[in-house]
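Data block below; observations after.
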Amino acid sequence: MLCQRCKKRPASVHMAEYINGQQREVHFCEKCVQETLSEALNQGSLSEMMGKLIGSVSQSDGEDEQNKTPEAEKTYECPVCGETYSGFFKNTLLGCPEDYFVFNNSINDVLSNSEIENPVHSGKLPSKSLEDTVNENIRQTLNIRIEKALENEDYESAAQIRDRLRSL
């Protein structure tokens with residue numbers, strides 16, 4: 001989710017505002033929060049600072065409304081799950097695999113507007129490398145072969161297997 005103030009960086013500060021019993025969520029990046037709060041800190045109370053921060057989103061939302069072009073008002077909807085462009089843009093969540101095709105340009109826009117240097121999901125690293133896992137499996141197999149060789153009183157084979165285990 002992008003910062004609602006600068007619309008460039010990922011939002012990391014999330015706040016909820018209640019007006020007349022209705023909740024409104026706002027999302028900011030750390031840099032925008034620091035800038036706004038440092039300016040407001042010199043001026044007064046905490047409530048004034050929060051008002052200024054939330055007000056900055058309200059003002060930028062108003063500017064966006066005025067700057068909308070007819071093309072920006074187009075509504076895209078997934079024929080499979082019914083997800084809309086506005087729903088995707090608000091939640092940054094997709095409803096089904098077909099959404100990747102329907103919202104392809106929008107996804108690229110969101111990624112290009114973010115300050116992520118490498119927008120490729122690299123995943124979580126496994127606790128063991130593949131080589132460690134393979135070596136562990138070989139050791140287990142060799143240990144079983146040593147036990148069988150000793151049961152059969154084949155001490156030469158057991159010694160060779162033992163030497164191979166040590167080399168690992």
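A Cβ is built for glycine as well, from the same backbone N, Cα and C atoms used for every other residue.
TrEMBL labels come from automatic prediction, so no person has curated them.
The following features are taken from TrEMBL:
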type	residues	note
DOMAIN	136-168	domain 'UVR'
The average per-residue pLDDT within the domain 'UVR' (136-168) comes out at 91
Based on DSSP, tally up the residues of the domain 'UVR' (136-168) by helix, strand and coil.
29 helix, 0 strand, 4 coil
